[in-house]
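Working notes, beginning with the structure itself.
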Amino acid sequence: MEEDVQAERGISRRTVELVVASIFLLLSVVAFYDNYTRGAGWASDGPQSGYFPARLAVIMFLGSVFTFWVALRAKTEMFVTYEQLIRISKVLIPLIIFTIGIEWLGIYLSSALFLALFMIWLGEFGVIRSCASAFAFVIVTFVIFEKWFQVPLPKGPVEALLGL
Amino acid sequence: MENLNDLLNGFYVALSFKNVGFMIIGVLLGIVVGVLPGLGGPNGVAILLPLTFGMEPVSAIILLSSLYWGALFGGAITSILFNIPGEAWSVATTFDGYPMAQQGRAAEALTAAFTASFIGAVAGVILITFVAPLIASFALKFGPAEYFAVFFLTFCSFIGLGKDNRSKILVSLCLGFLLAAVGLDSVSGELRMTFDNPQLLRGFDFLVVVIGLFGVSEILVTMEEGLAFKGKRAAIDLKVVLKTWAGLPKYWLTLVRSAVVGLWMGVTPGGAIAASFMGYGLAKRFSPKGNKFGTGEIEGVLAPETAAHAAGTAALLPMLALGIPGSATAAVLLGGLLIWGLQPGPLLFVEQKSFVWGLIASMYLGNIVGLIIVLATVPLFAAILRIPFSVVAPIILIICAIGAYTVRNSGFDIGQMVIFGIIGYIFKKLDYPIAPLVLAIVLGDRTEASFRQAILGYEGSLSVFWSNGLVGSLMVIALLLLFWPIVTEQITAFRRRLAGAPSGS
Amino acid sequence: MDIRGLTLVVSACALGMCGTAFAAWEPTKPIEIIVPFAPGGASDQMARAIQGAITKNNLTKAPVVVVNKPAAAGGEAMLEIKAAKGDAHKLLTTSSGLYMTPLSSKLPVSWRDFTPVALLAQDEFLLWTYNDAPYKTAGDLLAAAKSGQNIRIGGAGSKREDNLITWALGDESAAKITYIPYAGGGPTSVQLAGKHIEASTGNPSEEVASWRAGNARPLCLLSPKRMAYKEKITDTAAWSDIPTCGEQGIKFTYNMLRGMFMPGGVSNEQRDFYVDLFKKVQETAEWKEYLARNALLPDFRSGASFVEFLTADEQRHKDLMDKAGFLAK
């Protein structure tokens, strides 16, 4: 197993640890700045709105410094191999496109496309079977949300054309 | 006993053909509502409410409360199968329920969850039946200081000072608190950490974050390991139910403890969410198998489910007895009572006897109906795991997206969910604990608000937290729990030294 | 975004406005009533009462759905209505938060971004205390505060209606009163019943259960006139028996609008459809029941008289909030 890890190329855990700790350091500084400028003291009637967040930001800062330091000294391990990363992006990138698509196409059309393409591309199902399943799923979703529970979900131009 | 007589009359009302029908419809709808993340019990009840305007009050509340039971049951299903908490109070159920499903024990976990729910709910109803007015007034003793003490206790019972990764626990906890603080501060009315951004203005909703952290990140982890669920396919039939039941009696202590925690949190009203976390935390602390929690221990499913349901049911008690909503769902039902022309409050028990006792009887019956329905569907739900990953994954992601949207009807929340999915993935791989983050997001704001309300009412003095016996003892218990691991650590180290064995590192 | 906005307008025209040359406009898809607060609150109850009244009496062909958008004290819902320019299938229920939320949080939105449809009613506020409290009138309470006792008044939220009333009472009587903001009217009522605060400033609907149960009792009504509801609520008293605060020597009065708005940029025909719809709602038995149950002050206004009301009401809030120091810096 160990040899495998060495042979495969990827991102090292140490790098990710350092990046994540740095992001937390940055976040804690931003949070501290916002709360400190708004007032982080103890007024006559109790703590101000920034009192707790500012202190938590300091604790987070110290915790992240510690994590950073530990990560620096740790021996390097694999966080994720490039092969794994490609597999993840196969679902993550379509997911991001789907999310953006909701804004433009409405949730029903983009769900249908997402499901159908996912099945064709990754599941190697036939085109007709995939499209039929996607269509059926969207219809069921539509009936449950719009008709039964009367919860309006985001809609796009297709629904507008159909007058739904 | 007079109560028993009234209850029998109640059964007579609730057992009519029509009302049993409403019960079944309500439970089924509730399961759907509970399964779909985002569309929780309060939403489901609120959505159905207008349909009940023309109905008899008893039938209407039987329909709606059955929907509530259904939602309570349904929340566990996706938690166990896909690591997506269908309801906020089923987050703790994922901790052991999902690992069980991965080991091919989905049916066992579902049975345990449903049975535990039932036990919790029945404990709640029994409380309502016999001691309603007595207990209800206890809820009034809780001012902001007591609330703070309860939340503090929840944190202490759940987190404690563990041995590993202390800095990461701390960072995760602080991040949760900070995220919870983003948006409008309820005490000062100021905007915090929004940086004039209209999207940040709304803050981070607990459920959206959780759907991302748990559901979406799980899909990413699964993808990384290849295209399949890790779950082994075990034979699924109804025998599993009986086998699981046979193993339950030995966990009686966990069940009783969780039921008590749940009842107490429901009445006070700390709520089902806090109850589920506290139930899990205490079971982990005091169970002999505590160190195995998180790896698929059935006790880790029983504890939070019992507590959540006991709390969810007991939360109806202050509503009936005092007209105080103990939970969001109870608040909607309270609105319903008014619309049906009933005035909640202690007089309800006098003026509307058949209504109140019909409702209480329907709580017993609704939960029995619910248990039968969900148990019958265990094989069906467990069979979902047989569907190929390339079909289930996009469907899960779509349902997560819809769930994230429906929490607050906001499209931006879907984007937030994806971001938290990535964060969840990184957290898992780097061993940042997620539970403290989640707990801090759900209770952080309320904890801080009650702290500040308490101080405000006490003219800026901290002494409010030991101003009476109730709050004082809560604080002491909380601190004891916080330092419990250190105490036990010292005791075992001491014993080892006495035994002459080399001390562990 | 611009192109998309344009297509929306064009399609809206194709579906709706262009047809109005022949017949009055009618909704072509479900009408969404957006409630800027969580399910169960007073605004939510009003929206659902309207939904019930419309559905039961078949006042429109299109279904009516209620959507809760509670984030940021209603700020999100208002921003969304602002963004939904020209969408004639969205309505927004409003309370004083309509002015108070933007003023106290610098939110870039105002009712002038919307199309005012109608004022449906005004909500009352009362000063409540717990049942066995020593105070018989509002004057007793304020006198206690002046003598140095720690008088705490609880209410829903910060820099909102309850906070403003508490400030005004303290300001008028030169007494030091502590305001404690809770998450909503429900929790406030519990805190009062549990004697964790000395008084609260709830609406009738928020405290009626507690009043009937003997947990709380009203001191006075913060309206210029007594309420008209003569039906007994408790064994001895009706809403109309509660004295106004004016009768107890307090000048400050406060009422809160409960109104309906549409997004900006809709046609007059579309607005008139809803004005007409709400006029019909006013006539239904369900609505009258709703008013009585929540002891609301019936006050229907539309068109110019509603706009006049809004202008004056907004100015009053601005002045009061300025004096109270609630305006965003």
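Even glycines carry a Cβ here, placed using N, Cα and C.
Because TrEMBL annotations are produced automatically, they should be read as predictions rather than curated entries.
Per TrEMBL, the feature domain 'DUF112' maps to B:22-439.
Proximity of distant same-chain residues to the transmembrane segment (B:20-40), defined by a Cβ-Cβ separation under 8 Å and at least 6 residues beyond the stretch ends, is recorded for 14, 48, 59, 62-75, 77-78, 84-88, 207, 211, 215, 328, 362, 365-366, 369-370, 373-374, 377, 399-400, 402-407. The transmembrane segment annotation in TrEMBL covers B:20-40 (among others).
The transmembrane segment feature in TrEMBL is assigned to B:60-82 (among others). Among residues of the same chain six or more beyond the transmembrane segment (B:60-82), those with a C-beta under 8 A of the stretch's C-beta atoms are 14, 19, 22-35, 37, 40-41, 44-45, 48-49, 52, 89-91, 93-94, 97-98, 100-101, 106, 109-110, 113-114, 117, 121, 215, 218, 301, 305, 308-309, 312, 316, 329, 333, 336-337, 340, 355, 358-359, 362-363, 366-367, 369-371, 373-374, 381-382, 384-385, 392, 396.
The annotation transmembrane segment is assigned in TrEMBL to B:110-139 (among others). Taking Cβ pairs closer than 8 Å, the transmembrane segment (B:110-139) reaches residues 3, 7, 69, 72-73, 76-77, 79-81, 93, 97, 240-241, 244-245, 248, 255, 258-259, 262-263, 266-269, 298, 301-303, 305-314, 316-318, 320-322, 324, 326, 346, 349, 360, 363-364, 367-368, 370-371, 374-375, 378, 381-382 in its own chain, all 6 or more past its ends.
What TrEMBL records for B:145-162 (among others) is transmembrane segment.
The annotation transmembrane segment is assigned in TrEMBL to B:169-188 (among others). Tertiary proximity for the transmembrane segment (B:169-188) is limited to same-chain residues at least six positions away from its ends with a CB under 8 Å from its CB atoms, namely 159, 162, 194, 200-204, 209, 427, 432-434, 436-445, 448-449, 452-453, 456.
The transmembrane segment annotation in TrEMBL covers B:200-223 (among others).
Among the features that TrEMBL reports, transmembrane segment is placed at B:260-283 (among others).
The annotation transmembrane segment is assigned in TrEMBL to B:319-342 (among others).
Residues 6-7, 9-11, 13-15, 19-20, 23-24, 26-28, 30-31, 57-58, 61-62, 65-66, 69-70, 73-74, 77, 81, 106-107, 110-111, 114-115, 117-118, 121-122, 124-125, 128-129, 236-238, 240-241, 313, 316, 320, 342, 348 of the same chain, all 6+ positions outside the transmembrane segment (B:354-381), place their C-beta atoms under 8 angstroms from a C-beta of that stretch. The transmembrane segment annotation in TrEMBL covers B:354-381 (among others).
The transmembrane segment annotation in TrEMBL covers B:387-407 (among others).
For B:419-444 (among others), the entry in TrEMBL reads transmembrane segment.
The transmembrane segment annotation in TrEMBL covers B:464-487 (among others). Long-range neighbours of the transmembrane segment (B:464-487) within the same chain, counting only residues 6 or more positions beyond its ends whose Cβ lies under 8 Å from a Cβ of the stretch, are 141, 145-146, 148-150, 152-153, 155-157, 159-163, 285, 454-455, 457-458.
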Considering only Cβ pairs within less than 8 angstroms, which of the stretches B:200-223, B:260-283, B:419-444 has the most against the transmembrane segment (B:145-162)? B:260-283
Where else in the chain does the transmembrane segment (B:200-223) make close Cβ contacts, counting only residues six or more beyond its ends and a cut-off under 8 Å? 37-38, 40, 78, 82-85, 88, 91, 94, 98, 179-180, 182-184, 191, 193-194, 229-230, 389, 393, 396-397, 400, 403-404, 407-408, 410, 412-413, 416-425, 427-428, 434, 437-438, 441-442
Local confidence of the domain 'DUF112' (B:22-439) - pLDDT mean: 82
Intrachain residues whose Cβ lies under 8 Å of the transmembrane segment (B:260-283), provided they are six or more past its termini: 88-93, 95, 120, 123-124, 127, 135-136, 138-139, 142, 146-147, 150-151, 153-154, 157-160, 254, 290, 293, 299-300, 302-315, 317-318, 324, 326-327, 439, 442-443
